[in-house]
Amino acid sequence: MPVVECDIQTARAALADAGASFSDGNSEHELWHADLGDAHAVAYADKLVVQGGSPTDITAVVQPDRGGRVHAYFDGASRGNPGPAAVGWVLVSGDGGIVAEGGDTIGRATNNQAEYDALIAALEAAADFGFDDIELRGDSQLVEKQLTGAWDTNDPDLRRKRVRARELLTGFDDWSITHVPRATNERADALANEALDDA
């Protein structure tokens, strides 16, 4: 679910020009709702939360010049390995600003399964925003080595997730993946653990 930090009045004007329908917010924090194509947005003071089957129906309107390169940080967490698991991801623009972030539980999984699910969530979010190039950064050496083909992927479930990640990567003009220390991946790690704490 993309979160777009933007000027809400400008975003509403762009959506109105594109033919979106609007309704009032459901709480004191929600300013308004908008529907366009197969996407639904909820407006807050300085951001839009976009949902639906095709978030780009809205994100492409409010951020028409997105393109470019994004840095995607991802992390998976599992308590019990296997056990309750969650993912966290953060998209950072070239100028260092956070474009979007998310964290969600994924049920019962191993740590490696959660890492792959976090990677896939980050790739899907970056695709929804329409970025051309992606630089992936995660603290799982296994995911990095398997994704690049340096290591075999013997586990059938991880192999399926690797195939899905590679399919998503074909939607980008260029991509790379870098193994980073946990401290560098702190925000994605925190989002995954917050999702587990809130479950």
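Cβ atoms are placed via backbone N, Cα and C, with glycine included.
Since we're looking at a predicted model, the values are computed, not measured.
Sequence-distant contacts (6 or more apart, same chain, Cβ under 8 Å) of Asp139 (Mn(2+) 1 binding site) comprise Asp75, His179, Val180, Pro181, Arg182, Thr184, Asn185, Asp189. Per Swiss-Prot, the feature Mn(2+) 1 binding site maps to Asp75, Glu115, Asp139.
According to Swiss-Prot, the feature Mn(2+) 2 binding site maps to Asp75, Asp189.
Just so you know, the Cβ of Asp75 (Mn(2+) 1 binding site) picks up 30 other Cβ atoms within 10 Å once every protein chain is counted. The feature Mg(2+) 2 binding site is assigned by Swiss-Prot to Asp75, Asp189, with sequence analysis given as support.
Look at Asp75 (Mn(2+) 1 binding site): DSSP puts it in a strand. The Mg(2+) 1 binding site feature in Swiss-Prot is assigned to Asp75, Glu115, Asp139; the stated evidence is sequence analysis.
Residues or ranges marked as domain 'RNase H type-1' by Swiss-Prot: 66-197.
Sequence annotations record features per position, and here Swiss-Prot assigns region 'Not required for RNase H activity' to 1-68. On the 0 to 100 pLDDT scale, the region 'Not required for RNase H activity' (1-68) averages 87 in the predicted structure.
Per Swiss-Prot, region 'As active as intact RNase H' is recorded for 69-199. Secondary structure of the region 'As active as intact RNase H' (69-199), assigned with DSSP and counted as helix (H, G, I), strand (E, B) and coil, comes to 58 helix, 45 strand, 28 coil.
Neighbour list (Glu115 (Mn(2+) 1 binding site), Cβ cut-off 8 Å, at least 6 residues apart, same chain): Phe74, Asp75, Gly76, Gly138, Ser140, Leu142, Val143.
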